[in-house]
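Reviewing the structure listed below.
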Amino acid sequence: MEEQQRRALRRGRARLVAALRVEPLWDPLEQRGLFTRPMLEELQSTGNRGEQARQLIIDLETRGKQAFSTFLSILQDTGQGDLAEMLIQECESQPVPLQLPDLRPVELELREGKHRKRCGVFLANSSMGVAAGIPLGQDQQALEVRGSLIVTCPCQDYKMKADPCGHCLILNNVNFSRDSGLSTREGSDIDCEKLERRFKALHFTVLTRRNLKAQEMVLELLELSQQDHSALDCCVVVILSHGCQTSHIQFPGGVYGTDGKPIPIEKIVNYFNGSSCPSLRGKPKLFFIQACGGEQRDQGFVVDCDSPEEEAPGGSLESDATPFRVPSDNMDEPDAIASLPTPSDILVSYSTFPGFVSWREKLTGSWYVEMLDSVLEQYAHSEDLLNMLVRVARAVSAKGRYKQIPGCFNFLRKKFFFVC
């Protein structure tokens, strides 16, 4: 979708939310290829008609070059031509560009107690000094012009003032039933102990559960999601288990219970979304998954490196992989779906790239948890979570004869800093 069309949707959003009749749109949206049926079901679950309309307009911006004209046609076909005409007029109107002076960036860091505030401030000339005496509103989000001073988004951090700041649930599966065909995950208890200590130090209430069947895992997750998180600022879920590829729409991969039954990651995440867990709406929900994404072994490729290659420890290196059984029919594989809905305030950190194994050593634990714990220890007091996860990815990718690269699906709206 062109930027001009996106602006038209945004300027017309208030009227669309107020007047749009969404019920007649669902079938045409699917028939015309704008949304898949599961995506429409997700939209329909977002709340009342107004909330559905708002989320639909937001998602339309991601649906490709033909989405705008197709949506206009659907509005006409469903008797909502007045809204289509309004969008056409919005698209044709050109906003008057804001005339700004030459700007010089100055980065300020404001502190209130032990909590950080970061502000992007632009000064028109060097003689103005550092914005002395100009108050910056805590919730100010839009561009604001005050004489020659332009303040942009002064507070982009999630609020983390509660103590404890949130719950942390760790599910640690080590011993699997004989019928499951899954091996014992030696070294996982080391991972679990590290993360228990780390999240307690980061002011979380930590609950650990060991060796749970799939249904028992689901019950623990549901119990956590159904608690009242109103007085808390965050929620963390850590899963240490064998993993696999699985069919998905939003988040790839699955994890196994000790009975060998898989649970899709997206099912786990959706227990905590805004619809299922209202007391966590607008609050960060973090998921850390130490499990394989598949059974491919990455041999890597040769590059000039600033650190020597490490040899894989003989006999102690294991993976958390299990085979992915491809459907026997000729249907397209659901893992190939390219488009993703965008649940807000969620980050899922995976120990490895989808489809590849995740390495774990019997004596020291998994590469991913080892590096995650180390990076949190060194940088949680000064860096945001995404910066730290890049450090984790860099450290893990430098290890071993076989290679591994962690990654994440990030739908956070602000920077996330742990309280230290």
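Placement of Cβ uses the backbone N, Cα and C atoms for every residue, glycine included.
All annotation found in TrEMBL is predicted automatically rather than curated by experts.
According to TrEMBL, the features are:
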- 1-90: domain 'CARD' (DOMAIN)
- 164-296: domain 'Caspase family p20' (DOMAIN)
- H242: active site (ACT_SITE)
- C292: active site (ACT_SITE)
- 336-420: domain 'Caspase family p10' (DOMAIN)
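Around the Cβ of H242 (active site), a 10 Å sphere holds 26 further Cβ atoms from the protein chains shown. In the predicted model, the domain 'Caspase family p20' (164-296) shows an average pLDDT of 92. Remark: secondary structure over the domain 'CARD' (1-90) totals 66 helix, 0 strand, 24 coil, with classes taken from DSSP. Taken residue by residue, the domain 'Caspase family p20' (164-296) breaks down under DSSP into 38 helix, 36 strand, 59 coil.
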